[in-house]
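Chemist: Below is a structure I'd like to ask you about.
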Amino acid sequence: MKRVFGVKKDKEPPPSIQDASDRINKRGDNVEEKLKKLDAELSRYKEQIKKTRPGPAQEAIKARAMRILKQKRMYEGQRDMLYNQTFNLDQVAFASEGLKDAQQTMSALKSANKELKGMMKTVNIQDIDNLQDEMMDMMDVSNEIQETLGRSYNVPDYIDEEELMGELDALEADMGSEADGIPSYLQPDKEEPDLDTEFNLPAAPTGNTTAQGEDEHGLPTVPRASLRS
């Protein structure tokens, strides 16, 4: 039966946007190659026209150059058309990718919303408030326990601050009096007093001591003038 009626062929899948864009870009590259060849021929014909004298030969070269120029204009039109098609395909591809991203975002949001709803069913706001109140009560009790354990047994519950300030002032006064009554041997050294200045003694004579003689005891002799007087 298959040999008589044949087998139905499967339909080929339609080309994707990327496939169509790649095909158009390939055609555009071929057109660009042709344009480069035509530009090279035009440059050669321009040089020949410059070197050829006016006449039939130059006119023939100009006719060939005009034919090449027409082909160039035709290929440039095809290139521009292919570029426009590529641009349109890029826009469609961008829109398609945007829609796919939006679909994925919506699916993720729906899944997250469903998961949050399931979690909210297991959480009660009243239970959270009660838990917070219990934690605060436990913290207060813990602070009271710490204060009770840290209390000193020798310190009375009530202490007069003014009385403590008076004792502190008295202590400072006692420390000042003790500083005034430090023994001399514990006090820092002072400069030795100048006895000549304190008792107004005259200055010792200088210059003539070496000229005076000495007696048998080694003492300076008294001048005769002072004895006569």
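Cβ from N, Cα, C; glycine included.
TrEMBL entries are annotated by machine, without manual review.
Copying in the features that TrEMBL gives for the protein in this structure:
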{"type": "COILED", "residues": "99-148", "note": "coiled coil"}
{"type": "COMPBIAS", "residues": "20-30", "note": "compositional bias 'Basic and acidic residues'"}
{"type": "REGION", "residues": "1-30", "note": "region 'Disordered'"}
{"type": "REGION", "residues": "177-229", "note": "region 'Disordered'"}
Chemist: Can you name the far-off residues of the same chain, 6+ from the ends of the compositional bias 'Basic and acidic residues' (20-30), with a Cβ under 8 Å from a Cβ of it?
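Modeler: Residues 79, 82-83, 85-86, 89-90, 93.
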Chemist: Which value does the mean pLDDT take for the coiled coil (99-148) in this predicted structure?
Modeler: 90
